[in-house]
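Below you will find the structure I want to go over with you.
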Amino acid sequence: MKRAVVVFSGGQDSTTCLIQALSQYDEVHCVTFDYGQRHRAEIDVARKLAMQLGARAHKVIDAGLLNALAVSSLTRDNITFPGYEDSAGGLPSTFVPGRNILFLTLAAIYAYQVEASAVITGVCETDFSGYPDCRDNFIKALNAAVNLGMARELSFVTPLMWLDKAETWALADYYHQLDRVRHDTLTCYNGIKGDGCGQCAACHLRTHGLAAYRAQPQAVMASLKAKTGLH
């Protein structure tokens with residue numbers, strides 16, 4: 001039996017990864033991390049989506065220590081979220097140092113216990129917003145380290161790594177789930193489900209990606225298929 005663990009926040013990217021994983025694996029588990037994020041609604045959104053989409057299990061893991069160690073606008077009310085115009089150059093205030101190092105390592109431990117062969121994460125280098133822990137070389141390096149430390153072959157799978165946001169929307173549409181991803185996920189830094197606030201950097205990427213897909217759906221879908229091998 002092919003099993004996978006999806007690092008699941010309830011946002012656009014991880015939900016799209018979950019949708020695809022459910023079509024590719026016999027059993028899919030979700031792990032969501034409670035790290036003291038400002039908008040707790042994302043945990044509730046993740047719970048609901050995991051159940052609705054049919055994940056075998058959904059585990060919420062306490063990662064509160066990250067909040068104590070890493071200062072970020074995602075965890076501190078007194079730090080302002082960046083707008084899109086503020087996101088160019090340098091690390092944005094939304095960067096949480098060590099977040100993906102911790103999340104992927106904990107997800108790998110869970111995968112070890114349930115005998116999963118893959119940990120799936122929605123990180124993307126094309127739209128990575130300056131986060132160093134979303135880069136392909138980082139994911140591969142951590143994957144190698146985890147495999148050495150656990151003496152077991154586990155794959156860190158990144159379906160969105162080389163896709164832009166338009167192609168990520170196309171991927172959701174490929175599985176006939178675009179409307180669910182649009183209306184039921186929470187990506188907005190200001191904690192607004194669906195189309196979000198429209199002002200933060202996350203909403204800008206999401207909104208402009210959807211507009212780009214809708215403007216040229218056939219071309220974007222063809223690009224997606226060329227990159228991923230989907231038919």
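Cβ coordinates are placed from backbone N, Cα and C, and glycine is handled just like the others.
Found this in Swiss-Prot, in case it helps:
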- Phe8, Ser9, Gly10, Gly11, Gln12, Asp13, Ser14, Thr15, Thr16, Cys17, Leu18: ATP binding site (BINDING)
- Cys188, Cys197, Cys200, Cys203: Zn(2+) binding site (BINDING)
How many whole Å apart are the CA atoms of Ser14 (ATP binding site) and Cys197 (Zn(2+) binding site)?
20
Cα distance, Cys188 (Zn(2+) binding site) to Thr16 (ATP binding site), nearest Å?
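Rounded to a whole number, the Cα-Cα distance is 16 Å.
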Name them in sequence order: residues not among Phe8, Ser9, Gly10, Gly11, Gln12, Asp13, Ser14, Thr15, Thr16, Cys17, Leu18 whose Cβ is within 8 Å of the mean position of the Cβ atoms defining the ATP site.
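Neighbours found: Val6, Leu49, Gly122, Thr185.
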Restricting the comparison to the binding-site residues Cys197, Cys200, Cys203, which residue's C-alpha is spatially nearest the C-alpha of Leu18 (ATP binding site)?
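Going through Cys197, Cys200, Cys203 one by one, the Cα closest to that of Leu18 (ATP binding site) is Cys203.
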Using a 10 angstroms cut-off on Cβ to Cβ distances, just flag whichever of Leu18, Cys188, Cys197, Cys200 is the loneliest among these binding-site residues.
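Result for the binding-site residues Leu18, Cys188, Cys197, Cys200: minimum number of other Cβ atoms within 10 Å at Cys197.
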Long-range same-chain neighbours of Phe8 (ATP binding site), Cβ under 8 Å, sequence gap at least 6?
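The list for Phe8 (ATP binding site) reads Ser14, Thr15, Cys17, Leu18, Cys30, Val31, Thr32, Ala46, Leu49, Ala50, Ala55, His58, given in order along the sequence.
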Does DSSP put Ser14 (ATP binding site) in a helix, in a strand, or in coil?
helix
